[in-house]
Amino acid sequence: MTRTTPDQGTTAPLGATVPGYPRIGPNRELKRALESYWAGESGREELDAAARAERERTWRRLTALGLDTVPSNTFSLYDQVLDSAVLAGAVPPRFAALGLDALGTYLAMARGTSGAAPLEMTKWFDTNYHYLVPEIAPTTRFHLDPTKPVSEYREALALGITTRPVLIGPASLLLLAKPADDAPDGFRPFDRLDDLVAVYALLLTTLADEGVAWVQLDEPAYAADRTAEELAALGRVYERLGGLAERPAILVSAYFGDLGEALPVLASSPVEAIGLDLVAGSVPVAGDVPGLATKTVVAGVVDGRNVWRTDLDAALATLRALEPQAAAVAVGTSCSLLHVPYDLDAEASLDPRLKEWLAFADQKVAEVVALAAALRDGQLTPSFQEARTALSDRASAPEVIDDGVRSRLAGLTPEDARRTAFAERADVQRDRLGLPPLPTTTIGSFPQTGDIRRARAAYRAGRLDRAEYTTRMRAEIERVIRLQEKLGLDVLVHGEPERNDMVQYFAEHLNGFATTEHGWVQSYGSRCVRPPILYGDVSRPAPITVEWATYAQSLTDRPVKGMLTGPVTILAWSFVRDDQPLGDTARQVALAIRDETVDLEATGIGIVQVDEPALRELLPLRRVDRAAYLDWSVGAFRLATAGVADETQVHTHLCYSEFGDVVAAIDGLDADVTSIEAARSRMEIVPDVAASGFARGIGPGVYDIHSPRVPSADEVEALLRRALDAIPGDRLWVNPDCGLKTRTYEQVEPALTALVEAAWRVRPAAG
Ligand SMILES: Nc1nc2c(c(=O)[nH]1)N[C@@H](CNc1ccc(C(=O)N[C@@H](CCC(=O)N[C@@H](CCC(=O)N[C@@H](CCC(=O)O)C(=O)O)C(=O)O)C(=O)O)cc1)CN2
Ligand code: MET
Ligand SMILES: [Zn+2]
């Protein structure tokens with residue numbers, strides 16, 4: 001067995017590399033393998049084979065594209081944070097108690113079992129990827145299970161490919177974790193850092209024994225604001241790991257922003273290399289960062305999370321500016337390529353002109369390779385000229401500019417984003433709608449059944465004509481309306497059967513967007529999205545949802561809520577143009593949605609919901625940037641919703657639990673009713689919302705739709721009573737946490753029955 005000792009100067013350089021790569025499979029092979037395994041349609045062998053095939057494909061592909069060094073352990077069956085928690089032995093007792101094998105335990109942590117609720121899922125920084133939140137207690141017994149990184153390293157080696165294992169760094173792992181429920185008050189996972197670092201130390205020694213030359217430890221938590229204590233702790237971690245007698249060379253990577261004060265800490269530690277996001281952040285100056293001149297810097301100059309072709313000349317200039325600041329410069333993407341689709345070449349239907357402006361994961365890898373070659377020997381490959389041509393074409397393309405949209409935007413006044421005072425509107429709406437206290441409703445989508453998805457696939461493939469597709473969707477809407485009437489809900493929805501996704505659907509109907517056929521990006525576990533590409537000025541050529549909504553309303557006397565996606569969420573879940581401020585783009589999308597709200601109102605729809613589940617997600621990681629963001633994002637929502645009359649009730653829906661950061665902004669949205677996620681935290685946030693002075697309608701979720709579990713009426717009743725302690729009955733709405741599209745009717749029917757029953761029981765107390 002070879003042993004490596006870090007030796008600055010003789011360690012092989014990192015060259016052209018990437019911090020990570022997609023893993024769901026170019027045709028979502030892993031998604032299918034997982035879902036078929038869960039459904040009991042295939043066994044362990046098939047799942048293992050699919051996983052192994054995806055890893056092999058990735059290593060071969062990255063090598064063939066010309067990278068000098070290739071990462072491993074970027075594959076995950078479900079989530080990379082869960083992988084790192086398991087590697088460190090952080091398996092909460094409720095999962096250990098199930099007595100399952102390693103895979104069973106892992107999947108139980110990810111998805112839960114009847115006896116054990118899964119780990120919480122939350123957003124990965126400001127992306128649309130969701131990770132599983134490790135639970136740490138004072139009693140968590142950290143111990144090393146190096147199986148995954150070691151076996152993947154060997155697997156690649158057997159193919160003749162030497163890789164660099166990638167793991168979440170210990171400091172970020174704990175900063176991303178939460179205290180276990182039974183941990184004492186005041187306990188923080190970060191308090192356990194020394195214990196966890198001992199496990200990482202053992203891991204590095206184990207990897208050195210395997211012959212691993214480089215390891216990558218990701219510390220993205222340090223691209224956000226950190227306390228002095230957290231910064232000092234980072235220094236201690238890498239002093240300790242760097243001081244090991246036997247270890248691979250260490251690359252510490254951070255992304256999604258500047259390292260700020262964490263950079264000097266790392267630069268003065270004994271690690272060999274630091275990975276920087278130079279797309280979101282900027283080139284450091286060695287004079288300000290003692291120690292930087294002794295490090296290799298992996299310069300993330302190719303955007304890892306958007307799909308625009310790189311300006312190679314500008315990127316090369318950045319690399320050259322960095323060269324005098326560091327001992328060596330390697331070239332990479334700004335973050336893992338997990339957040340972009342695999343391959344632009346798979347898109348046969350994209351407009352060829354637009355296609356020239358784009359780069360997906362494989363094209364980005366090629367850009368990294370071209371930049372590394374240019375930096376090394378000054379030779380510019382033809383891709384430099386191609387990039388220049390594409391960029392200048394994009395800058396002057398008439399498709400990107402719409403003078404009508406521009407002049408409409410220029411003509412806006414503050415009045416356009418302002419409604420009458422809330423209290424006045426509320427009276428008018430109460431008279432019009434005549435709803436009981438604690439009105440019951442849902443968030444919009446009903447289960448997307450196999451039949452619906454197959455009908456849509458057939459329609460797209462031309463096997464089903466438009467009329468037949470419409471007939472089937474209308475039949476589904478009628479079914480959903482009748483079901484809601486039977487269940488006794490007060491405010492109905494049409495169920496969104498016609499939507500493939502709440503963002504892609506709108507993008508398909510707006511000017512300025514392109515959509516992909518195969519551009520799948522993992523959102524969580526086996527669930528994927530195809531983010532649309534917002535490339536030009538946005539406008540709405542024709543009404544989008546009006547026919548579906550009015551059809552639904554024609555079937556019933558109860559109010560049907562119109563259902564739209566808000567401008568901030570449309571932006572957040574698309575690949576957005578980088579040639580103008582986000583706020584300008586948001587206002588364009590807002591005007592398109594505003595047109596839709598006005599048309600819905602004109603056809604008699606009395607309640608319109610404009611979903612903004614991504615409002616919190618885009619909140620900048622650094623506090624200094626937040627006020628400016630909230631200004632344009634809240635402004636865009638108001639512009640989208642202020643075109644309707646007083647008697648039209650505007651709802652919004654936000655699904656996340658970290659409410660505190662944005663509660664003032666939510667008031668600023670000026671919606672009449674806001675539904676939020678609250679079931680999993682058992683209404684924890686409700687008192688905070690009330691204490692903040694929030695005085696509008698609010699629907700804290702009483703049914704956790706992320707779990708297959710069906711709540712009982714008693715349970716929902718208890719949640720409602722708790723909410724009623726803080727919120728008066730005339731402002732409290734009763735609804736699930738989020739849409740029902742990922743659930744089945746077998747779960748949804750009894751859950752909504754319980755929800756309505758509980759509302760009836762609590763109403764007398766609400767006066
Ligand atoms: N964009 C977005 N981001 C979001 C959310 C969201 O709803 N949208 N919700 C939050 C949680 N994230 C989620 C992300 C994805 C899904 C989800 O359900 N995705 C579906 C795909 C949805 C979709 O695009 N469906 C298409 C295509 C479906 C499909 O796979 N069709 C088959 C054929 C049909 C079949 O035989 O089933 C195929 O193409 O092979 C459609 O319905 O038309 C999945 O991965 O399975 C849910 C939540 C946060 N972020
Ligand atoms: C992720 S928020 C989802 C809101 C949407 N109206 C739905 O019910 O699916
Ligand atoms: Zn939601």
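Note that Cβ sites are derived from N, Cα and C of the backbone, with glycine treated the same way.
Of the residues GLU386, GLU496, GLU498, GLU508, TrEMBL places GLU496 in the same L-homocysteine site as ILE443, GLY444, SER445, ASP611.
TrEMBL annotates ARG28, GLU29, LEU30, LYS31, LYS123, ASN128, ARG527, CYS528, GLU617 as 5-methyltetrahydropteroyltri-L-glutamate-binding residues; of TRP214, TRP573, TRP733, the candidate listed for that same site is TRP573. Filtering ARG527, TRP573, CYS655, HIS706 by Cβ distance to ligand 3 (under 6 A) retains the following recorded positions: CYS655. With a cut-off of 6 Å between Cβ and the nearest atom of ligand 1, the binding-site residues GLY444, SER445, ARG527, TRP573, CYS655 reduce to ARG527, TRP573.
Rounded to a whole value, the Cα-Cα separation of ASP611 (L-methionine binding site) and ARG527 (5-methyltetrahydropteroyltri-L-glutamate binding site) is 20 Å. HIS706 (active site, proton donor) is surrounded by 20 other CB atoms, counting those within 10 A of its CB over all protein chains shown. Residue density at CYS738 (Zn(2+) 1 binding site): 27 other Cβ atoms are found within 10 A of its Cβ, drawing on all protein chains shown. Within 8 Å of the centroid defined by the CB atoms of ILE443, GLY444, SER445, GLU496, ASP611, the record's L-homocysteine site, lie the Cβ atoms of THR442, VAL493, MET502, MET563, GLN609, HIS653, CYS738, GLY739, LYS741, excluding the listed residues themselves.
Packing around ARG527 (5-methyltetrahydropteroyltri-L-glutamate binding site) is summarised by its Cβ count: 12 other Cβ atoms lie within 10 angstroms of its Cβ, all protein chains included. Proximity to ligand 2 at the level of Cβ atoms, with a cut-off under 6 angstroms, picks out none of the recorded positions LEU30, LYS123, ARG527, TRP573, GLU677, HIS706. Per-residue confidence over the domain 'Cobalamin-independent methionine synthase MetE C-terminal/archaeal' (438-759) averages out at a pLDDT of 96. Straight-line distance linking the Cα atoms of GLU677 (Zn(2+) 1 binding site) and HIS706 (active site, proton donor), rounded to a whole number, equals 11 Å.
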